[in-house]
Amino acid sequence: MQQQASAMRPEGAQPLIARAPSGIIDPNTGKPVGADDPFFLGVNRELSDKGFFVAATDDLITWARTGSLMWMTFGLACCAVEMMQLSMPRYDAERFGFAPRASPRQSDVMIVAGTLTNKMAPALRKVYDQMPEPRYVISMGSCANGGGYYHYSYSVVRGCDRIVPIDIYVPGCPPTAEALLYGVMLLQKKIRRTGTIER
């Protein structure tokens, strides 16, 4: 078989050998992404020292939860366009373990993107109540954070934190997909820091 492969290769051509994967390199530091994260540093230190590591169940559950966050879309206005862009190939939020779900019963995170009106507030609370514990909420954009341009309108809720508890606020009008992605990464750090068993 090897003789056939070498017979098909032109004279003087080198065999193709893939380079060893080096991970995603941070252009600012030149190190792999996550090299400054204390969680991963501790895991790498234990693995290089012993060849295995011992972890508490809570740490294991927290680690698994940060890499498998399922988000419920609650797009109410123009911020929803930027929220949709987060799942497109340029940003690809699923590589961070952040995938969309259509049902609140399968979701861990709800992204409130846009202007929350008084008529929509009960629906927001109902969807939030249908999500399993532990559940997290990201408030995206000026309107969801505090009413935005419509703050003094008679029909607008002045911030969705009056209806549901908010974990991460993403400012902007509308915030870019990069800003939302940064908010997702902050939520993952918050989950790692606080844990998921007791919140």
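Keep in mind that glycine also has a Cβ here, set from the backbone N, Cα and C atoms.
Not measured: the values here are computed from a predicted model.
The following features are taken from Swiss-Prot:
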BINDING   C78, C79, C143, C173  [4Fe-4S] cluster binding site
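Here the features listed in Swiss-Prot are placed on the structure.
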| residue | record | DSSP class |
| --- | --- | --- |
| C78 | [4Fe-4S] cluster binding site | coil |
| C143 | [4Fe-4S] cluster binding site | helix |
| C173 | [4Fe-4S] cluster binding site | coil |
Other CB atoms, at most 10 A from the CB of C173 ([4Fe-4S] cluster binding site): 12
Additional residues around [4Fe-4S] cluster, ordered along the sequence, whose Cβ is within 8 Å of the centroid of C78, C79, C143, C173: A77, A113, G114, T115, M140, G141, S142, A144, G148, G172, P174, P175
Distant-in-sequence Cβ neighbours of C78 ([4Fe-4S] cluster binding site), under 8 Å, six or more positions away: G114, G141, P174
Residues that sit under 8 angstroms from C143 ([4Fe-4S] cluster binding site) by C-beta distance, when 6+ apart in the chain: L76, A77, C79, G114, T115, L116, Y149, Y150, V156, C173
C79 ([4Fe-4S] cluster binding site), number of other Cβ atoms within 10 Å: 27
